[in-house]
Each structure stands twice: as structure tokens, then as C-alpha cells.
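Undergrad: Attaching a single structure in C-alpha cells format; questions to follow.
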Amino acid sequence: MPSLLFTCFLVQLLIHLVNTFGADAINNLLWNLYNMFPTPTSQSAGEQKKLKREFMKVRHEMNATSSQDEFAKWAKLRRQHDKLFDQLEKSKSSLDSTKSTFDSSVSTLRWLGTNGLRMLLQFWFSKQAMFWLPKGWFPYYAEWLLSFPRAPLGSISIQAWTLACAAVILLVSDALVAVVALALGTQTGAKAKKMEEPMKAGGQGTEKPGKKEL
């Protein structure tokens, strides 16, 4: 049953990725990808990004302009700022309702493709053995637990296989995170040490010898 074994592992991996990155981050990524294609909201989303860039540019210029020394220029930038802000709010409100519907649809499809599919597989193949244990290697209670709830005694049930996949994926994920964190910490420490050495050398070179006391 290699195909079913791999399917269960893949579903559990997808569930772990969703839980790791978060549903909101995935929804935002899919929303941006959706608007890259010629969809009904792609034009509005593009205009909103353009308005946001113009708004940030005008806001930066307004903050860099003195309202006392250059009042005329500041007042003009202020009017542009308020106008772009109103346009940006209107564009955002019109897209928020569409994005809310999009997020609900994506969340439903994501649940059906991960947790829903896992529940369906566990129900449909609950009486089927994933693979068989070597006879006589495990005591009766261990065989009963591994075949729980309805798989043949002496076999691995789909529920036990799913739990094993989840445990392995979690262990590998934690190990990878620890290795990456250790590597980044080592690099940061080495860079900090290299920056400290020239500072110490410069400080020692500028020290003036004091008078020795007898």
C-alpha cells in the first residue's frame, strides 16, 4: 500500500506547513497570486498598489518639508496627501469585501484538502492494514494499540501511521529550525567579533602613556 502511505504522509506534511506558516499568510500569498492573473479584481488591486506608492511618496515629501519655512509647498503636499488617503480608503473598502469572500473560500478548500481529506482517509481505510508487523516481535497490547481502532491485529492502522508521520515531521522540522538558528547565531557572533577587533586595536593605539609613579 505504498501510494496510501505516501498520501497520508503528504497530507500530514501539508497540515504541518499550514500550521507553521499560518492561514493568514497563506491567504495573503494566494490573494496576491490571484490578482496577478486577469481576474475581476486584478485591475482594482493594481490601482490600489499604485495609489499606495503615490501616497507613501507624498507623505515622505510632506514630512521632509517644513510647514513654517515652506508653507505653500507643505500645504500643497497636504492636500495631495488627504486626497490620496481618501482614494486609498475607498479602494481598500471595496476590495476588503471581495478579499473576505476569497479568504472564506480558500479556507474552506484548504480545510477540505488537509484535515477533511485526512478524516476521510482514516474513515474509509480504517479496517485496512497499512503494513504488517513481524510476527512475535511485539506483545499483544502493543499490537492492539498499533492496529487501533479497526485494523487487523498485528498490523499498523491508518490512524497509527498518521500519528507516526506527524511525529516524524515535527521532529525533523524542529531539528531544521535549530540548525538554522545555530548557523545564524554563529555567523552573527563571528561578524560581531570581527567588528570588535579593529575597535580594540584603534583604542589601544590612541592611549597616551601616563607618568609612572615612583
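Indices start at 1 and increase along the chain as displayed.
Cβ coordinates are placed from backbone N, Cα and C, and glycine is handled just like the others.
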Undergrad: Under Swiss-Prot's topological domain names, is SER3 on the same membrane side as SER147?
TA: yes
Undergrad: Write out how many residues of the topological domain 'Lumenal' (132-155) are helix, how many strand and how many coil, based on DSSP.
TA: 7 helix, 2 strand, 15 coil
Undergrad: Could you give the residue numbers and ranges of same-chain residues that sit at least 6 residues beyond the topological domain 'Lumenal' (132-155) on either side and whose C-beta is under 8 angstroms from one of its C-beta atoms?
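TA: Here the qualifying positions are 126.
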